[in-house]
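Structure, as structure tokens:
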Amino acid sequence: MSYLLDPSRKTVTITRLQAMRDAGEKIAMLTAYDSSFAALLDYCGVEVILVGDSLGNVMQGQQTTLPVTLEHMAYHTECVARANQTALLVTDLPFGTYGTPEMAFASAVTLMRAGAHMVKLEGGDWLAPTVKFLVERSIPVCAHIGLTPQSVHAFGGFKVQGKTDEGAAQLRRDAQAMEAAGAQIVLMEAVPATLAGEITQMLKVPTIGIGAGADCSGQVLVLQDMINVYPGRKAKFVRNFMDGQTTIEGAIRAYVAAVKDGSFPAAEHTFSA
């Protein structure tokens, strides 16, 4: 299944994302785990599709992302890749699959063969040698810093990161180490907006925020969160884009527009130090 796209639409590459960042054009990113939503996101102009290990929560009903396996990620990547025509496709390396550089490379090869254009991994400056190892072997990397859900038990829960001077300094080191190792995107989750803005200015590569303020180069949300599939309490950084819309397509287009014009995230969706 796919949608008939405008033939003038160009494939989104890492080079194009860098050009968007340099020009100050915001990048819209959303999750997808199946071909139907992948096709719709691509049709609506989402530049980056993330096959996140959040599928453990969204698709499997897990409380954390820890039970997700490499086989799960490869399967859902294949589903998304079949329908995606122009978006850059990023897939998470799941918990326990990148403990060493060699393990990370073997896992990344599996995901790239399934259709990913880039892999995402969670960690700080200690992970720089692994990122460098992957990049040297032609595996593009998105580095995920700040709140890293695979470390939920080590953190003692889902908590905003970088609120103290020491924590903020560590996140700056993490971001710089990831860029120096060759990461071509740095994703920041649950980071005070001012700090995320400072890091964005400090780096030359694009930054993507989720609960990290409006000054990042782009934004990402879990699709099912932003179309309000699940009733009840949402994370602070989530906005219900179904408000005022009658279709999911309308909600996705509203999200893309809000990211592009800078109206999302608003102050109510961000954290302070």
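Cβ coordinates are placed from backbone N, Cα and C, and glycine is handled just like the others.
Now, the feature entries from Swiss-Prot:
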BINDING   Asp53, Asp92, Glu122  Mg(2+) binding site
BINDING   Asp53, Ser54, Asp92, Lys120  3-methyl-2-oxobutanoate binding site
ACT_SITE  Glu189  active site, proton acceptor
In chain order, residues whose C-beta lies under 8 angstroms from the C-beta of Glu122 (Mg(2+) binding site), counting only those at least six residues away in the same chain, are His144, Ile145, Thr148, Pro149, Gln150, Ser151
In all the protein chains shown, the tally of other Cβ atoms within 10 Å of the Cβ of Lys120 (3-methyl-2-oxobutanoate binding site) is 23
Not counting Asp53, Asp92, Glu122, residues with a CB within 8 A of the CB centroid of the Mg(2+) site are Gly52, Ser54, Thr65, Val68, Leu93, Pro94, Phe95, Lys120, Leu121, His144, Thr148, Pro149, Gln150
Cβ density check for Asp92 (Mg(2+) binding site), other Cβ within 10 Å (all protein chains) comes to 29
For Ser54 (3-methyl-2-oxobutanoate binding site), the nonlocal same-chain Cβ neighbours (under 8 Å, six or more residues apart) come out as Thr31, Thr65, Asp92, Pro149, Val222
Listed in sequence order, the residues of the same chain lying six or more positions from Asp53 (Mg(2+) binding site) whose CB sits under 8 Å from its CB are Thr65, Val68, Met73, Asp92, Pro94, Phe95, Pro149, Gln150
